[in-house]
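Here's what Swiss-Prot has on this protein:
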type : residues : note
SITE : R38      : site 'Transition state stabilizer'
SITE : K45      : site 'Transition state stabilizer'
SITE : R174     : site 'Positions MEP for the nucleophilic attack'
SITE : K230     : site 'Positions MEP for the nucleophilic attack'
Amino acid sequence: MDIVLEATSQTETQVAVQLEPLSSNVVAIVPAAGIGSRMGAGKPKQYLPLLGQSILAHTLDKLLSHPLISQVIVALHPEDADFYALPQAKHPKLKTVIGGSERANSVLAALDKAPDNSWALVHDAARPCLMASDIDKLLTSRVQFPQGAILAMPVRDTMKRANSLGEINSTVCRDNLWHALTPQLFPTSLLRLHLQGALNAGAVVTDEASAMEWAGISPGLVAGRADNIKVTHPDDLELAELFLMRAKA
């Protein structure tokens, strides 16, 4: 499920940040140490087959082929027995690290291998339908949002808040609400600092943007494509297949 964010006014005070030049390297980080139990499969969901290769292979293809991404770092489970069988594992732009028990720990492990003067572009392993145009939009947004930004989608559906019985408690105003997507793009040293700080403080860190929010920084929101779905449930595989086939047509 995507995180839902509420947009803030651009006139609000921003915490001062140390900015990275746009010419800095862009390092893609893929946290892939999770199990993905909601798929009900016998293997991590990122290795489920999708149009002749795994979900993760499709995701890596999208990142490795982008000309502005200089390196891709994948955080793996210590007992991962599938990754090194992927053709992408031998790509010269790709590195691996051992991830942690939570997404944030895996991202931190990868950040430790990224240059300080770079931009970290963090993308879910199970989002195989990412388009190069969305990466381009996010990288271009560094001019407007030098503190970092994420791909997101405005909430279009009516939102309901439930009570403990699974009944509707209230209708939530959807004005300024966005679904958080990935990639999420931040200056590497800044993300490393605040991700570690948020974890040390016991803050709830569900994505990279939430660590920046914890530090008082308001990341930008960049409207992304609706087909950039996260494969979370079995039905999502059919939808991802449809989107990938349409992109190749």
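Heads up, the Cβ atoms here are built off N, Cα and C, so glycines get one too.
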Given the recorded sites K45, K230, and counting only Cβ atoms in the protein chains shown, which has the most within 10 Å of its Cβ?
K45
Can you tell me the CA-to-CA distance separating K45 (site 'Transition state stabilizer') and K230 (site 'Positions MEP for the nucleophilic attack'), as a whole number of Å?
11
